[in-house]
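For 1-31, the entry in Swiss-Prot reads signal peptide. What Swiss-Prot records for ASN109, ASN136, ASN163, ASN177, ASN225, ASN248, ASN294, ASN298, ASN356, ASN391, ASN405, ASN439 (among others) is N-linked glycosylation site, and it gives sequence analysis as the kind of evidence.
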Amino acid sequence: MGKKEMIMVKGIPKIMLLISITFLLLSLINCNVLVNSRGTRRSWPYTVLSYRGKEILKKQKEDILKRLMSTSSDGYRFLMYPSQQKFHAIVISMDKFPQDYILAGPIRNDSITHMWFDFYSTQLRKPAKYVYSEYNHTAHKITLRPPPCGTVPSMNCLSEMLNVSKRNDTGEKGCGNFTTFNPMFFNVPRWNTKLYIGSNKVNVDSQTIYFLGLTALLLRYAQRNCTRSFYLVNAMSRNLFRVPKYINGTKLKNTMRKLKRKQALVKEQPQKKNKKSQSTTTPYLSYTTSTAFNVTTNVTYSATAAVTRVATSTTGYRPDSNFMKSIMATQLRDLATWVYTTLRYRNEPFCKPDRNRTAVSEFMKNTHVLIRNETPYTIYGTLDMSSLYYNETMSVENETASDNNETTPTSPSTRFQRTFIDPLWDYLDSLLFLDKIRNFSLQLPAYGNLTPPEHRRAANLSTLNSLWWWSQ
């Protein structure tokens, strides 16, 4: 046997060893897959369905349609003409929990789950139409309550979600003392745009878009700790945004911290000093409260008048050190619900192109109700906004406990005043800012070259009184 043949013979056991190890690894992988396939695994929600999965979903919808058609003649009319017929309820049997839905409340396996269910099948070549439904887990039946609101996004579905939130009977519960970030930022670029909510165009400002978008992320993330809360407001957000189901908490917190730092006071540039004159200096500029000028509907501007402007480096937005502090998650939910109601007043017929632009708008009238009443009445009904207010302690001169019922016996020089939480305060102050811009734009064609008004955040209620509709 030659030397070359000896090398080949010695290499044969090594090749066989590698082949046997490969087969062993493949067998272990196959066994692991087999074990996992037997267990109950939760399917990944973002995977594309295979052909078999699509066929199974199609058969499920066909079965639902057959049961709906076989109930009565109302079922046929409800299916073919959903917007023209009104019924109290249609009950059909359903063995499994549906897939195409938007939750209106938590999933309760021992009772009823409220949702908006898409009852149209894909083979009908029609857009998705959501109808408010109640699924009974114990009886394995679903109750459809027509008429459907339509597609999502749409103004009809947003209005129906606001109507359901007014009743508050979907099983939602409070979230205790869980806090979150305040997304009502004041120091943001100001611009207006038109959003398409379905086929409806809505005029929205930039601060409202920032607030609603960040609120959708924060409340979706808050459901990790509050599993029975925020379903209705998250359903409303689907009419404006595409919020992912799973949110990276670390990225969200870092983003909110960066945005929060941009709202703080402007830092002063440190100056070089000699060793002899070293002293303690304040890292921030001193905040001086300045009353904003009064703006009315008949204000006049003079083109030759000297306008004093505050330097950008000295502009402060909040005199205290607790600016942009955390708020309760339930307060954020209530404020977001209120802002969603204002979208209806920015749409037709309340916002026609040929409207009287100098008259009081329906949007301002609706906001004025919130200022004067903690349970304001809207076109969707009465909403409870009491969580957006708190008792603020204010000093009282020459007043005793017997003179005023609001004065506490232990501190006769102080009393409580009902005021707004920070997000609502910033929201109202932004209306003051927009009102200045509105009056400036009305006077600009008549007077030509004018300097835009400077605005500082309102530091007290007397500054907010500059709103021309405040005292009405």
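Glycine residues also receive a Cβ, built from the backbone N, Cα and C atoms like all the rest.
Keep in mind that this is a model prediction, so the values were computed, not measured.
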- ASN225 (N-linked glycosylation site) and ASN248 (N-linked glycosylation site), Cα-Cα, nearest whole angstrom: 14
- Message: Using DSSP and collapsing to three states, where does ASN163 (N-linked glycosylation site) fall: helix, strand or coil?
- Response: helix
- Should any of the glycosylation sites ASN163, ASN177, ASN225, ASN356, ASN391 have a Cα within 10 Å of the Cα of ASN136 (N-linked glycosylation site), which are they? none
- Note on the structure: Out of ASN136, ASN163, ASN248, ASN356, ASN439, the listed glycosylation sites, fewest other Cβ atoms within 10 Å surround the Cβ of ASN356
- Message: I'm trying to understand the geometry here, so how far is the Cα atom of ASN391 (N-linked glycosylation site) from the Cα atom of ASN177 (N-linked glycosylation site), in Å to the nearest whole number?
- Response: 18
- Message: Restricting to the chain of ASN109 (N-linked glycosylation site) and a gap of 6 or more, list residues whose Cβ falls under 8 Å of its Cβ, or answer none.
- Response: HIS137
- Item | Count of other CB atoms lying within 10 Å of the CB belonging to ASN391 (N-linked glycosylation site) | 11
- Note on the structure: Comparing the Cα of ASN163 (N-linked glycosylation site) with the Cα atoms of the glycosylation sites ASN177, ASN356, ASN439, the shortest distance belongs to ASN177
- For ASN177 (N-linked glycosylation site), the same-chain residues 6+ apart in sequence with C-beta under 8 angstroms from its C-beta are MET328
- Item | ASN356 (N-linked glycosylation site) and ASN439 (N-linked glycosylation site), distance between Cα atoms, whole Å | 14
